[in-house]
Amino acid sequence: MVAAPCARRLARRSHSALLAALTVLLLQTLVVWNFSSLDSGAGERRGGAAVGGGEQPPPAPAPRRERRDLPAEPAAARGGGGGGGGGGGGRGPQARARGGGPGEPRGQQPASRGALPARALDPHPSPLITLETQDGYFSHRPKEKVRTDSNNENSVPKDFENVDNSNFAPRTQKQKHQPELAKKPPSRQKELLKRKLEQQEKGKGHTFPGKGPGEVLPPGDRAAANSSHGKDVSRPPHARKTGGSSPETKYDQPPKCDISGKEAISALSRAKSKHCRQEIGETYCRHKLGLLMPEKVTRFCPLEGKANKNVQWDEDSVEYMPANPVRIAFVLVVHGRASRQLQRMFKAIYHKDHFYYIHVDKRSNYLHRQVLQVSRQYSNVRVTPWRMATIWGGASLLSTYLQSMRDLLEMTDWPWDFFINLSAADYPIRTNDQLVAFLSRYRDMNFLKSHGRDNARFIRKQGLDRLFLECDAHMWRLGDRRIPEGIAVDGGSDWFLLNRRFVEYVTFSTDDLVTKMKQFYSYTLLPAESFFHTVLENSPHCDTMVDNNLRITNWNRKLGCKCQYKHIVDWCGCSPNDFKPQDFHRFQQTARPTFFARKFEAVVNQEIIGQLDYYLYGNYPAGTPGLRSYWENVYDEPDGIHSLSDVTLTLYHSFARLGLRRAETSLHTDGENSCRYYPMGHPASVHLYFLADRFQGFLIKHHATNLAVSKLETLETWVMPKKVFKIASPPSDFGRLQFSEVGTDWDAKERLFRNFGGLLGPMDEPVGMQKWGKGPNVTVTVIWVDPVNVIAATYDILIESTAEFTHYKPPLNLPLRPGVWTVKILHHWVPVAETKFLVAPLTFSNRQPIKPEEALKLHNGPLRNAYMEQSFQSLNPVLSLPINPAQVEQARRNAASTGTALEGWLDSLVGGMWTAMDICATGPTACPVMQTCSQTAWSSFSPDPKSELGAVKPDGRLR
């Protein structure tokens, strides 16, 4: 009886002890599991792919003294998002964001002399942006051997299999950031990224929410999704163009079929105009019903395989002009505003025995006016009475050539023998006599450059097995198609020399081959690169084909094949580079006959054009003016101010006022008003001015009232940007940085900013560029500081030993605060250099004087001074950048200013960054010491003999 309760108590105690032991064991297991999870998670995050989309290459190992401990958290911070680089092209540095969230630890670095303390940097680490190659662009293709005699002129990358050639759904650009991923638990982040990439691979055509790639939208009831396909899926709040919803897909007449192809659905959602969407629907349905593309085409060539005549180049053959020399019809297809370069090229190719037919792009009205003046000077020069808006890769270019051929054949007073197409970026590399002698010897031949690779690969690479449609100045990819049976498809370069017999055949023949090929190539990408080749190879004239277009093209695919045309073509393409002086030896080769070269661009390098011109025709007399100068118009009064942006209109007005102040201070004498002026109206014209291939500033032609006589005068002001790049003092031990600049419209191919002068406003998205010398791998820190010392962005860039250029566009919230910004570059947090750029306050909005509410909205900086989601405020004391309350208050008052107060603020900023170098009068002036523009060396009215066209010389030439 007594033993039983004791036994029960003992059992209860044992049970309690067992529970306690199990609890302790469970806690120990939980702790161990947590620590192991943290360790594996950190390892996984350190080795995982970067957020930002796309495949990321591993960074090259840096020297030990440059290595930095990377934070474990790979949050997709806005400061290191991977899609921002490039001058608007969306292909900037391959960025790897590491860190970026407040409170994340950052590895300490060894302190160096003069370095900022690393402890102060811990609360706000900089994201690391790894730039893998010299231009912030990583390519998986093997390096090419540069051959001076290579003339493979296809406009599509050689490694096209590795390139994403779709523009479906959200265009396949890397996302600037994925803020939702940064907030997810680390264990789910990789899974979400993997799922997102799989979805992108599967359904790039998922344009409509809830629709799979194979689902059908009923005709007549296709509303586009709320997000435009030209935008990212998650557009960051700093985005300038809100864009709104995609246009609703409406038709005048519903399509005659169900539009089910993902390419067509994507095109419908992205097309802007109702007419274009109607055309897309009709074209797709006709193709789907088998009514659009020919299935079989007749081959008329009697030869088996591909004919290729060999022609020999004999320098001695040009010593004797043939008895019946050929006469050439030059067809110049030009666009842009480089009228002086065009005139110089025209001067080099002109001969009274040839004919010149010029087509100017429908959008290039200034150039059209200049070309019309040229045509009035010479009877053998005519301008097409019709104009097309040709785009890269578009079917409109082939239409332009075919219509030009028809026009030339109908000109009975022009007895030409050869058709040669040129652009303003071409230049002859041999003389007219040499060209005529060669073509006279081979007058029955046709000269086209073939692709030189296997045909199946060429068809895939060129997209010939895809259906394209041009509308809204865009080439839309609508689906797949079959190559017609019965013919051999060929192609290569779209620059060619064709004899008259073949041009007549292509133009007037109604046989099965020509008729069906015109239909087939009306819906083809880059049709001029294949149409004439294919027709010639399958025609009765097939034995006249020479696999040489007599050109040298400067292909540098490492720089020129970055899919820079995806905003106008649903495909990936290339563009040749401009020639530089170091390329001159290529023009002297004699291995094969070549007579023209491209591309040349005077705003990039005019020296090479001069070298070639002097080589062909001799030097100009000593003392000839303007040989090292180049002027290019960017605005002309007949264009109308609607052709200008508010930023350029604002700054052009300020430049003109800067010139008038120079006239008053340097030309004015006390007691007289003869050199004092009051500005009147908008600028009349604006030119870029270059000297010795260096940008010298803008030339502003403007009207002003002379206060002494109250008469209107026309003046021209030269303004030059001040030097803003500055090496730190005392200089650091780091010597790789050569130059740094900020601007927009970065051209990664030519590695310069196309926005010459860096004219920026509050709604622009600037790009930071750095130029490097050779040296060891290093990591530098870049810091962007606004006019009131708010740190807008900071990030690190890994610079490889062979890097030459890097560029990055930080995703800043807009509007930017107007004023002078500073970009600092540090190495181990030791200042290396800095550069400045101006964000101009706008005096115009929609080309009208800005209203107070608009000014306050644009000029007060971003909401809550937050340029990014992350704050860098703690770096201000570390970088000795105090925020002055009085300066902030003055900025607030400036933001609310309008009228003369706003102009005064703007002009003070412009005067700090630009210098009025000189001013002149284009006509009569009451200012006795004012020089005449035509007598200066810098004015757009000064002599320019190299581009001026005069009377035909006795030898029939102009040059």
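Using N, Cα and C of the backbone, Cβ positions are placed for all residues, glycine too.
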Q | Same-site residue for UDP-alpha-D-xylose (record: Swiss-Prot; known: Val333, Asp361, Thr390, Ile391, Trp392, Asp494, Trp495, Arg598, Lys599; options: Ser522, Ser575, Ser629) | A | Ser575
Q: Scan Asn34, Asn421 for the residue that Swiss-Prot records as N-linked glycosylation site.
A: Asn421
(Q) Candidates are Cys563, Cys574. Which one does Swiss-Prot pair with Cys572 through a disulfide bond? (A) Cys563
Q | Cys927: disulphide-bonded cysteine as recorded in Swiss-Prot, out of Cys574, Cys675, Cys920 | A | Cys675
(Q) What does Swiss-Prot give as the disulfide partner of Cys301, choosing from Cys471, Cys542, Cys561, Cys574? (A) Cys542
Q.
Quick test of reading the record: Swiss-Prot lists a disulfide for Cys561. Which of Cys471, Cys574 is on the other end?
A. Cys574
(Q) Going by the disulfide annotation in Swiss-Prot, which one of Cys257, Cys471 is bonded to Cys285? (A) Cys257
Q.
Around Asn421 (N-linked glycosylation site), which of the listed binding-site residues (Thr390, Trp392, Arg598) come within 10 Å, judging by Cα atoms?
A. none
Q. Over all shown protein chains, what is the count of other CB atoms within 10 A of the CB belonging to Cys574 (disulfide bond)?
A. 23
Q. When the Cα-Cα distance from Cys927 (disulfide bond) is computed for each of the disulfide-bonded residues Cys257, Cys301, Cys561, Cys572, which gives the smallest value?
A. Cys561
Q.
Counting Cβ atoms within 10 Å of each candidate's own Cβ, which of the binding-site residues Trp392, Trp495 comes out highest?
A. Trp495
Q) Where's the emptiest Cβ shell within 10 Å among the recorded positions Cys257, Val333, Cys927, Cys933? A) Cys257
(Q) Considering Cα atoms only, can you say which of Cys257, Cys572, Cys574, Cys675, Cys920 is the nearest neighbour of Val333 (UDP-alpha-D-xylose binding site) among these disulfide-bonded residues? (A) Cys574
Q: Specify the secondary structure state of Cys285 (disulfide bond) as given by DSSP, simplified to three classes.
A: helix
**Q.** Using Cα positions only, nearest of the recorded positions to Cys933 (disulfide bond) (Cys285, Cys301, Trp392, Cys574, Cys675)
**A.** Cys675
Q.
Rounded to a whole angstrom, what is the C-alpha distance between Cys285 (disulfide bond) and Thr390 (UDP-alpha-D-xylose binding site)?
A. 26
